[in-house]
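A.B. asks: My questions will all concern the structure given below.
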Amino acid sequence: MKAETAGALVCALVGALVYLNTVPANFTFDDSFAVVYNGDVTQDSNPLWGLLQHDFWGQRIASEQSHKSFRPLTVLSFRLTRQAWSALPQRWRAAVLAYRSRTLLPNEENEAAKRGLDPLLFHCCNVVWHALVSALVCRLSYFLLLRRWSPTPLVLLVRQQPTPAASQSGRGAAEAGAATHPGAEAPVPADPVEAAAGRPSAGGARGPSKPGLRKRASGPAPAVSGAAVAAAVAGATTHASLPSPGRTGSAPCQTAGASGARRYALSGAVVAPWLRGSDRRSPGFAASASASHEPPSTSSSCLGSLLLRRPLVQLHVPAWFAGLAFATHPVHTEAVAGVVGQAELICAALSIPAVMIYLAAAERAAAARLAAAAAAGRSSGSEAGRGRGSAGARHRAAVVEALAHWGGVAAAVCLALAAALAKEIGITVLGLMLAADAVLVPLVVRLPGGAAPPPGQRQTGHTGQEHSGEKAEEKAEEKVAERAGSGAAADARGVQPTLLWRLVRAAVWAAAEEPKWLRLCVLVAAGVGYVKMRSAVAVDQLVRIYRKVENPIPFSTSHTERLLTTAHLHARYAGLLLWPQHLSADWSFACVPLVAAPQDPRNALSGALYAYLLAVVVAAAPWGVLADWARAFAAAAAPVVAGGPGIGSGTSGGKAREGRWGQTREETQEQEARRWGQREQERRQARLWAARWRLLVVAGLVVGPYFPASNVLFYVGTFIGERLLYFPSIGYCLLLAELAAMALHWADWVQGGGGGSSTAAGVDEEAEAEEELDGSGAGQDGVAVAPPASNADGGEAAVVAGEGQAAARIKARGSSSSRGSTTTSSSRRGGGGERGRGLAGALVRLLVYGCMAGTLAGYSWRTWVRNADWLTEEALFEAANRVCGDSAKVQLNMGILMRRKGDQAAALAHFRRARAIEPGYCEPAYWIGVTLINMGQPEGGLSELEAALGCKYVAAEAVKSLNTIYRVLHSSSPRDPTPVLRWGLLLLRPELGQTAEGCDMVEQAAAMYAAAGRPQEAEGALARCADAVRRSQGEQQGDREAAAGGGSGAEVAREVFGVVVEAARKKAPPAAMLLRCLEARAPLYRALALAHSSPSALRTGGGGGGPLHPAVRAAAYRYLRRVESLPHCRRAAATMALSAADQVGSTPPHLHLMHMVQSSDPEDPWLQAEWGRVLQEVGRGQEAVMHFSVSAVLLHQQLEGLQAGRRPTALSLQAYGRQSEEGEEEGEEQREQAEAGEQARKKTKKKAKAKEHGRGGQVPPDVPLSAREALQGIASSLEGAARQRPPTACELWGRAVEARRMLAVQALGAGNTAEYGRQQAALVAAVGELQGLTGATGAAQPQCAAALSAAMGLGGGAG
């Protein structure tokens, strides 16, 4: 089994085992809101496309009260899990629910079971997801650690070197090759194995002229082969089978360890002279250095492989440690044990493959470009005569490679977008991929070869005996650099390239040749597209509903306090990763006090964190990447140099250098000094590569995923959330793995007796190997290692080209990496010192392994114990109280827990402490109110509940509780107006906006106060109702001063009761209509209250059946006369603006008022008639007919008494009507003045109130009823009764026609033509109604025909 696969399986198994005790956990904390109360999860009737319109909690994401958490993929996972639970056998589900019921507290209800849910499968899914992510982290560790020990130049400049013609052979071919490549001692062999053996290669070049005598090449380095690229740049970490380097050019270097892991590295790439020495902090300098004074040494060309000389301690152990540390880290408990954390798990599971797929595709593209460059150089010679077949094959291979490359990029981008749909931080993976592409994947610039030298100019071949002196070499280098840097070189025709040509050449290279830039554009476009899509769905990207108790930073008035607290917050997050001892489900205010002053000692933690981040950035020098890119563009735009060596063709100055034996001692010493300088430079390159790798991990895997929640760019609704560290902990575990690898590598190096830094230990060892090669006489051009044909992960030894003794020693050293270094220098040291160093190395190794084992054991134990806190909300809240006892939300949750246990006193103490910690925290008011009521203190409890109505988070629950309480109080004491009044005033509040319904309830309470003889309370209730109506009128007209009833009230009305408030506003009557009705009824309420408050009874006869109190009668008659012009006042305020059909079943205040007055004097005909109209309005037609008939009978009796000459007992209604009309005119004037301004309205209100008080005290003299008024009342009552279609409707209409006829005759006799016209119209209408009844009933109602004939006769006589 492969070590990598085994590591992934072990990490997955451990990750599942340490979280196995979370499977029986209940829904806790936020799980209820995300799953139990989320309709997108529990209701299959909700369409799937609705997931794109709702947030993570089931609310409309476009609304202002949404948390803007757009995670449709996670919600879909919840829905599928719930459906899987429903598909289980009923017997299994019943057993699980029975177990679940035993874990609940006495007063706790299983809301999930009511909705057909249980958390069992949700927790199982979380454990599986975490196991998968743990395995992926192990694979990612292998993937990135391989690159950590494999430095790669960021810019690779490759010249397409033409090979000699196929017809040339032997020495003539070699000479032709030397003439073709100026400055080269020998052409690049096409087959390194043949070259090493001294045989001519397929390209016609032959090996060294003298066996055993090494010739140093001063020309270009060997062309990069496709195998080398696939190994060092793309395929080394994917363990794919690589093409044979013997067919593509010079072979790559290879190091085989004892564990069988192989790493390949590029041989020296040909670079432009101006890259040499320009930026010694850039990894690209590794390539440029090989083209400097010395040819590419073995250590330079194989640097990537030599840094991974001990795969066990540098790769396998660290990768396993990273995966296991991630699998067991205690900070992941919230993400795994909480169902809500599944968003983090899915996001990580999709992000890690996206990174690996993208980076592998990018490296394959670079490998393919380098392989194509090498193949293009050979195709001009050896493949020139193969025809179109080979070209077509190459074209097809290029197309397949391009499809594979862009297919991988597309798959990675799709995975990243899917991760963003699971959790918003998934979009940061695009930034990680972009950074990895910039830092790890090289740019490839293909340069054309130089033109042939001019005639007469001779180049020295590989057999020349001239020495390459220092001055001649430097002079030639300066000449080449001057030509390349100044752009003074001409092309073959001697034409000077223009700036436009250079820009076009660079643009063509960036757009058509180098795919890196298009890949980066694809990543940017994907990120912008996601942001635009999210903006279209959510309208607003940011969360606007956070509070101080959740995130106190934005509410601080001090800029310094905000800055220091934010920095300390970052340090606390880092502390949770480093030392996860104190964990809490809630870190809200004031668990972590704000940092107010710079002298606060906690700032030292922030400074240490930022110092580390700054050190990582400075060590990596990321600005050097931009410089490398600029040089790549310059190289792509450079012209072809004619008459001399081309760009990157070498720096020998045209003279070949002989071997070491042809040099003087001084030259040899100078050469050794340059070699040691090159080694030191390679050490710097290795350190820079490691620093940039570390910056990539820190920025892309730690800071990047955390940055959206860091409160830097914008404030978020969470102060500290442990589940937010799930993704960033991947980078933390990788940093731990690198630290462990460096420590173990250093321990092995110490035990082996090495010197210098551990990072460059491999470089030093290879330097010694190079010395051995120099002494053995093996030619450098022949030192190439071809990869075996077997699997790249096998243990087969590498095939070494060259049979020298030193080469065999290098091979043996490379295959014994697990046993430590056995360099030549160490073997020469004393035995005692070696034993001491071995003991020290063993102790260091033991210490490192002990720390790793202790870390994993401690993580596992802490995680297992922490998981128990998430089994129930009781354990979770108690654990949070131990860590964050000063948190207001923790105290609130502890109070709720105490209520479930039945300890009301302890609960009340927790609630009050929560409010003391943060007075602006509004939720405790609701819980304090409910607790006080449960403790038998209703007055205090009702006040707290009414105050909680202004808190949008508990407003709905507060309204439900208050409604229930007021109903119970009213049913227990029906005559007490207090519950009715308080409920009505509650409806009048801006939070509910139920003005019409509230006024109806307040008037009902006013009537109850009047019946109890409490005039002040009655007037106060009506005044508060009028104020609420005016406030609503101001809101409708945009009057902000009148609508300033409370900012939080408007917010609650909009966000909590928005639908109800909007429906109430649509059916609410105009405020002016409602105010007129209130003004009309106010005097009657006052008169009734005063009458009931007097010692005498309401009746003048002391309650024995006499007439009403004169003041009550006067107020009632004035009100009735005014209602005739305001018929809408007979309706309830809630239905005043609706149709007549909507009035059925309502109980308007007019009904209560008339019932009080009419029941006090049932013999008053006017009150009986009005009572009938009220009953008719509310749909009680049969009762209305009875009261209309009674009113008509009473008026008929009064009319008979008048005809008999007796004084009527009934009073005239018109006498009070004149005063009411005057009052109505004054009311119109008051309303006009009210519209002019608020001050005038107050003054006129006081005047009108004084006048009304005067009228209530001054009772007009009793005016007897006249015959005309009696007839008018009889006609109206009969018509009202007949409209209800009773069985006697025809008779009623006939009598109404008779009354109208008599009124018309009286008006005609008095000469009142206007009155006559009105009566005649009423008469015609009555006759029409009678005709309609006669036609409808026919012979079934013979009395209708008789009544109609009588009415027609009467009507003709009147006419």
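A Cβ is built for glycine as well, from the same backbone N, Cα and C atoms used for every other residue.
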A.B. asks: Between 632-651, 852-871, 892-911, 1052-1071, which stretch does TrEMBL give the note transmembrane segment?
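C.D. replies: Going through 632-651, 852-871, 892-911, 1052-1071 one by one, TrEMBL gives transmembrane segment for 632-651.
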A.B. asks: From 511-536, 693-718, 1005-1030, which range did TrEMBL mark with transmembrane segment?
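C.D. replies: Checked against TrEMBL: transmembrane segment maps to 693-718.
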A.B. asks: What is the three-state DSSP composition of the repeat 'TPR' (888-921), stated as helix, strand and coil residue counts?
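C.D. replies: Going through the repeat 'TPR' (888-921) residue by residue, I get 28 helix, 0 strand, 6 coil.
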A.B. asks: Who are the long-range neighbours of the transmembrane segment (127-146) in its own chain, taking Cβ under 8 Å and residues 6 or more past its ends?
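C.D. replies: Distal contacts: 4, 7-16, 19-20, 22-23, 236-237, 263, 308, 314-315, 318-320, 322-324, 326-327, 332, 335-336, 342, 345-346, 348-349, 352-353, 355-356, 359, 693, 697, 730, 733-734, 737-738, 741.
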A.B. asks: So which residues does the repeat 'TPR' (888-921) touch in its own chain, when a touch means Cβ under 8 Å and the partner is 6 or more beyond its ends?
C.D. replies: 105-108, 547-550, 584, 586, 588-591, 873-874, 877-878, 880-881, 927-928, 931-932, 934-935
A.B. asks: Would you list the DSSP helix, strand and coil counts for the residues of the domain 'DUF1736' (546-613)?
C.D. replies: 34 helix, 0 strand, 34 coil
